[in-house]
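Chemist: The following feature annotations were taken from Swiss-Prot:
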- 91, 96: Mg(2+) 1 binding site (BINDING)
- 96: Mg(2+) 2 binding site (BINDING)
- 184: substrate binding site (BINDING)
- 230, 234, 238: Mg(2+) 3 binding site (BINDING)
- 91-96: motif 'DDXXXD motif' (MOTIF)
- 88: site 'Plays a critical role in the stabilization of intermediate cation' (SITE)
- 92: site 'Plays a critical role for substrate recognition' (SITE)
């Protein structure tokens, strides 16, 4: 189904509210973290112009970090907030809100992988590369080697599965829901985020605990809840994106039925995933040590923190700015890349 057919249905759309039966929290450092995050983004020239800067200010990514990692030490929380603003902007500018593929796509994405692999930037860094290197070096200094590699592997998979997402948008018709779920699980950026959840609470869990099947299943359910809820909440923006617009709701609509019915189908899946997450979380917690309980708590903070951020803090997905925020093609020019090179 072409997005031109779906866009007129947006104005009458009724979006659900999601509820989880555990309390949220927020770091007391939220305002300071947010302000320093903006200063950091300015330092690395991530904000291309005044309009771009205003978009970031109203998104409040530092508040997302404060809600998802409320117990994190201030230094770690600041790195996470800086990572958030970099990731949202890079994901928009490299993948989501530009042409499906351009002459810079491979250069941009491989540069991000190289920073992880070599702990250095290229001779002619692309936009955001030096900021990304700074985030990685600060995280390396705060985490042990194996926990950092969990984060790094999540980011490598973000950059590589972005290629699968691009392939899906080159096709005249989307892949099915199962294939989409695989792509979404990794392009969302949730895996690197949840990889920091234990360190932000009671410390990093041991590898043999982190990779146990039930723990990994719990991480995947947390990932699914946030991703699929976001597919509903960001729908008004994503449908208007020039290159990447097929999410779970849109794919269900392509298979037949109205956009409203597709929202309700996706919402039912989110609710079912929340129930499954709760059941599995109880089972894992029953035999967990202190650090593993911290990971489970961290996943809960992420789910609730994201939902509270959308409801109370951010303007990233509101209708008022959807049309203008959905298109970054005016930013993705050779002049921008050259401006941020050193």
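Heads up, the Cβ atoms here are built off N, Cα and C, so glycines get one too.
Values in this document were obtained by computation on a predicted structure and should not be read as measured data.
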Chemist: Going along the chain, which residues at least six beyond the ends of the motif 'DDXXXD motif' (91-96) come within the CB cut-off of under 8 Å?
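Modeler: For the motif 'DDXXXD motif' (91-96), the far contacts come to 105, 108-109, 127-128, 158, 162, 165-166, 187, 189, 238, 241, 243-244, 328, 331-332.
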Chemist: Have a look at the recorded positions 88, 91, 92, 184 and say which one has the shortest Cα distance to residue 238 (Mg(2+) 3 binding site).
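Modeler: Sorting the recorded positions by distance from residue 238 (Mg(2+) 3 binding site), the top entry is 92.
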Chemist: What Cα-Cα separation, expressed in whole Å, is found between the residue listed as 'substrate binding site' and residue 234 (Mg(2+) 3 binding site)?
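Modeler: Each residue's Cα considered, the residue listed as 'substrate binding site' and residue 234 (Mg(2+) 3 binding site) end up 14 Å apart.
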Chemist: In Å, rounded, how far does the Cα of residue 91 (Mg(2+) 1 binding site) sit from the Cα of residue 234 (Mg(2+) 3 binding site)?
Modeler: 14
Chemist: Taking just the CA atoms, what is the gap between residue 92 (site 'Plays a critical role for substrate recognition') and residue 230 (Mg(2+) 3 binding site) in Å?
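Modeler: Here the two Cα atoms lie 15 Å apart.
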Chemist: According to DSSP, folded down to helix, strand and coil, what is residue 230 (Mg(2+) 3 binding site)?
Modeler: helix
Chemist: Taking every residue in the motif 'DDXXXD motif' (91-96), what is their average pLDDT?
Modeler: 85
Chemist: Cβ within 8 angstroms of the Cβ centroid of 230, 234, 238: which residues besides those meet this for the Mg(2+) 3 site?
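Modeler: Other same-chain residues near the Mg(2+) 3 site: 231, 232, 233, 235, 237, 247, 317.
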Chemist: Report the same-chain neighbours of residue 234 (Mg(2+) 3 binding site): residues 6+ apart in sequence with Cβ closer than 8 Å to its Cβ, ordered by sequence.
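Modeler: Spatial neighbours, sequence-distant, of residue 234 (Mg(2+) 3 binding site): 247, 316, 317.
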Chemist: Counting by DSSP secondary structure, give me helix, strand and coil numbers for the motif 'DDXXXD motif' (91-96).
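Modeler: Its residues divide into 6 helix, 0 strand, 0 coil.
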Chemist: What is the separation, in Å, between the Cα atoms of residue 230 (Mg(2+) 3 binding site) and residue 88 (site 'Plays a critical role in the stabilization of intermediate cation')?
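Modeler: Cα to Cα, residue 230 (Mg(2+) 3 binding site) and residue 88 (site 'Plays a critical role in the stabilization of intermediate cation') are separated by 13 Å.
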Chemist: Could you tally the C-beta atoms, other than its own, that fall within 10 angstroms of the C-beta of residue 230 (Mg(2+) 3 binding site)?
Modeler: 21
Chemist: Reduced to three states, what secondary structure does DSSP give residue 238 (Mg(2+) 3 binding site)?
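Modeler: SS state of residue 238 (Mg(2+) 3 binding site) = helix.
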